[in-house]
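Here is what Swiss-Prot records for this protein:
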type	residues	note
BINDING	D32, A33, E34, Y35, D36, S81, L82, E113, R136, E173, K290, K314	NAD(+) binding site
ACT_SITE	K115	active site, N6-AMP-lysine intermediate
BINDING	C408, C411, C426, C432	Zn(2+) binding site
DOMAIN	592-669	domain 'BRCT'
Amino acid sequence: MSDVAQRLTELRKTLHEHGVRYYVEDAPSIPDAEYDRLMRELLELEAAHPELMSSDSPSLRVGGRPLDAFESVVHEIPMLSLDNAFDDGELESFYRRMTDRIPAVQHSAFCCEPKLDGLAVSLLYENGVLTRAATRGDGTTGENITENVRTIKSIPLRLQGADFPTRLEVRGEVFMPKAGFEALNARALKKGEKQFVNPRNAAAGSLRQLDSKITAQRPLAFYAYSVGVIEGGELATSHYQRFLQLKGWGLPICPETKLVTSLAEVKAFYQDILQRRQSLAYEIDGVVIKVDDIQLQERLGFVARAPRWAIAYKFPAQEELTLLNDVEFQVGRTGAITPVAKLEPVFVGGVTVSNATLHNADEIERLGVMVGDTVVIRRAGDVIPQIVSVVLERRPENAKSIVFPTRCPVCQSDVERVEGEAVARCSGGLICQAQRKEALKHFVSRKAMDVEGLGDKVIEQLVDREMVSTPADLFRLRAGELTILERMGPKSAQNVIDALNKAKQTTLPKFLYALGIREVGEATALNLAQHFLSLEAIQQASLEQFIEVPDVGVVVASHLQAFFAQDRNQQVINELLEQGITWPALTAAPVAVDSALAGKIVVLTGSFTQLSRNDAKAALQALGAKVTGSVSKNTDMVFAGEAAGSKLAKATELGIQVFDEQALIEFLK
């Protein structure tokens, strides 16, 4: 090894070690000036010898060349969100759901940590070196932000030690400490630049800079909270012990993280953090509670978007008084008419709130609210503004009643309210401009067709100018037509056309979700695709066939049937296919034709000790069974584990065959 190469190795090792001591252990061992001197020496040597550059060099923290755009990253294991609890009752319900499913949870410890108000990221380490960082995105697909993340000094570019897996994905939160946020805004104020509203926005904006040199100037920090991919090695079977392993490898862990042994201790942890919230160095909006035993986590499994073994216990919403100046009625993509309160702007929970939903006519009546009232505004879970009560003693004499419209405020079609539903809807369908706009916005959204650059304002202009009326019209647009829109030059117009062409290659679940069928979310769209395997089969399905799909009940099935029964919807679908929208063909898993389960409609209920519900479902489907989420007269058999509830009772009432876990294992052999 040459003298220069040896010195570079020494400098990188020294700077890595001191970086961990300073940013992770909060125990600096050399003066800042000495650290800066070593960094300058490293930069000078690397500039003089670019052939000796290393991907894990501490010098990368100063940022690299600007990017044209962020690349997409598909998460090998989805980054799910968490369900929320807002009071002790909801926390207890969460605990009861787990113990009903797996009684052993009663004897498990819980790992508790503050819920940081930042941005979730994924860090991939290969042979100990940080090779990729990505945002959470929609949970399935995020953005590659590796260059930006390398500038965050508390994130190690190379792990310490040697006992880590060869591939290890670390997940955590990037945030901006309060002191750093205040200093950043003070500098912006001094320079006459725009200030950030809150630390979370500042962190998110900093991470999404195309120029990593800007990110490098922002005071960002990181705490790890879980792992994803683990290959070529093993981690502890305790969530808390995994934290200690990560810390040993140089990754920062929130110092408030605590292991507790009972629900009472969980509540005590919550109260302690709540009382100390303002004194913490970072913004939080609750605490996260996780079952500590990794095997129990695996047995509990997941629902569509969240794990069953973890929950976010949110802090009480922050409330303020303000005036209700007016109420506007907005029309959504399914025709739902929502009253929106126009408020005197008020700062609540870190943001200025000027609008709040009043939900529907029933909610207005329940609140007894009138225009001109002083109202209590709350950001539930520090996120969604809502009016929770009226200060009646402050009601002015000229307060006005809120009258729900009988005609659509946009297209003047009749407003209808189906018996048993709280929501009133415009009956205009696609002749209603508001519904067209919202349907198109949904169609191009990230979780649907994911058309980059086709934002809300562009959609509104396209509809207002009568350039599009259905989703298929979007794919008929030409770049030259788009340049008449505001802030749409030739390059931007071509980018939109390129994005539309790229979006033509999609998946059947995304296409179904993009159609905007009432109450058909991502999970239902995925179930439909996996059940029917083709669009043609879905288009021709009966109500009874829709009900056979896992987690599709009578209400959703009726919405599906009504949607595909309308000629105009079928016409739009055909036009989209004519424009070249395609997706990979789906095939059913190989089925053993002599299986006793082939073609049977099966329901799983209760908890199983020898395999997870997801594993049981997959094994049953591989043998040709159709696994559904509810018991009906069409169900052939029910497999009941421990603590089986209403599904078992209904199966018994209907005279359906019920088998225990051991019988399930025998069927699967």
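Each Cβ is built from the backbone N, Cα and C atoms, and glycine gets one as well.
Other than C408, C411, C426, C432, the residues of this chain whose Cβ falls within 8 Å of the Cβ centroid of the Zn(2+) site are, in sequence order, V331, G335, P409, V410, Q412, S413, S427, G428, I431, Q433, A434, Q435. Taking the binding-site residues C408, C411, C426 in turn, the residue surrounded by the fewest other Cβ atoms inside 10 Å of its Cβ turns out to be C411. Around E34 (NAD(+) binding site), a 10 Å sphere centred on its CB holds 13 further CB atoms from the protein chains shown. Taking every protein chain shown into account, L82, C432 are the binding-site residues, and of these the Cβ with the most other Cβ atoms within 10 Å belongs to C432. DSSP assigns K290 (NAD(+) binding site) to a strand segment in the three-state reduction.
Following the DSSP three-state reduction, the secondary structure of E34 (NAD(+) binding site) is helix. For the recorded positions listed here (K115, R136), the lowest count of other CB atoms within 10 A around the CB belongs to R136.
For K290 (NAD(+) binding site), the nearest of the recorded positions K115, C408, C411, C432 in terms of C-alpha separation is K115.
Each residue in the domain 'BRCT' (592-669) gets a DSSP state, and the totals come to 27 helix, 17 strand, 34 coil. E34 (NAD(+) binding site) is 70 Å away from C411 (Zn(2+) binding site) when you measure Cα to Cα.
C426 (Zn(2+) binding site) is 40 Å away from the residue listed as 'active site, N6-AMP-lysine intermediate' when you measure Cα to Cα.
For the pair formed by C426 (Zn(2+) binding site) and L82 (NAD(+) binding site), distance between Cα atoms is given as 34 Å, rounded to the nearest Å. Within 10 Å of the C-beta of K290 (NAD(+) binding site) there are 22 other C-beta atoms, taking all protein chains into account.
Separation of the C-alpha atoms of R136 (NAD(+) binding site) and C408 (Zn(2+) binding site): 38 Å, rounded to the nearest whole number. Summarised as a single figure, the pLDDT of the domain 'BRCT' (592-669) averages 78.
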